[in-house]
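Feature list (source: Swiss-Prot):
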type     : residues        : note
ACT_SITE : 22              : active site, proton acceptor
BINDING  : 17, 68, 70, 116 : tRNA binding site
SITE     : 12              : site 'Discriminates between blocked and unblocked aminoacyl-tRNA'
SITE     : 95              : site 'Stabilizes the basic form of H active site to accept a proton'
């Protein structure tokens, strides 16, 4: 059971990307910070917004990279290397095209599935992909040529509400994730109906 030491929320920086589908991971970390009473602050050393809270006597760090999505690994590696956090103690929250809005799944390892943020993190860790992922469903536009505009667009209210509900449920499961009780966290999260 590997306990989480770092939670990363992927997204793009700037007001033009706020509330876009691609920023679902960043929204999750913002919600964690709010629930834990943590103020995220910019730190140039880690190329992101960072925060920290205590869980059962140990530090858990939060990170939202302020690099663009395809350079997320620069931020994650900078913080993880400084604090000597192994990939298996990292949870990366990100948007997932291949799942409908309102669904969330946990996974350890695997490829990047075309997600540029995951691709860069894996590359920065020297192809070590043992970090955990919280995959937040955003749906698919139905045509691969429409993906870029889709992920960079804002979801209609009904989809956004589903995403926010699944993030709230993931927050309920967070204590198990933090403790490394991955099987129990997966059972709870994966049994939820969107």
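Heads up, the Cβ atoms here are built off N, Cα and C, so glycines get one too.
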Quick one: give me the count of other CB atoms within 10 A of the CB of residue 116 (tRNA binding site). 17
DSSP three-state assignment for residue 95 (site 'Stabilizes the basic form of H active site to accept a proton'): strand
List the residues in the vicinity of the tRNA site, defined as same-chain residues other than 17, 68, 70, 116 with C-beta within 8 angstroms of the site's C-beta centre. 12, 22, 67, 69, 71, 72, 117
So which recorded positions out of 68, 70, 95 end up within 10 angstroms of residue 22 (active site, proton acceptor), measuring C-alpha to C-alpha? 95
Which of 12, 70 has the fewest nearby Cβ atoms, counting only those within 10 Å, among these recorded positions? 70
What count of other C-beta atoms do you get within 10 angstroms of the C-beta of residue 22 (active site, proton acceptor), across all chains shown? 23
Residue 95 (site 'Stabilizes the basic form of H active site to accept a proton') has how many other Cβ neighbours within 10 Å of its own Cβ? 26
Please report the three-state DSSP label of residue 22 (active site, proton acceptor). helix
Taking every pair from 17, 68, 70, 116 (the record's tRNA binders), the biggest C-alpha distance in Å rounds to 16
Say you check the Cα of residue 12 (site 'Discriminates between blocked and unblocked aminoacyl-tRNA') against those of the recorded positions 68, 70, 95, 116; which is nearest? 68
Residue 17 (tRNA binding site) has its Cβ surrounded, within 10 angstroms, by a count of other Cβ atoms equal to 17
Cβ-Cβ distance under 8 Å, sequence separation of 6 or more, same chain as residue 68 (tRNA binding site); the residues meeting this, in order, are 12, 13
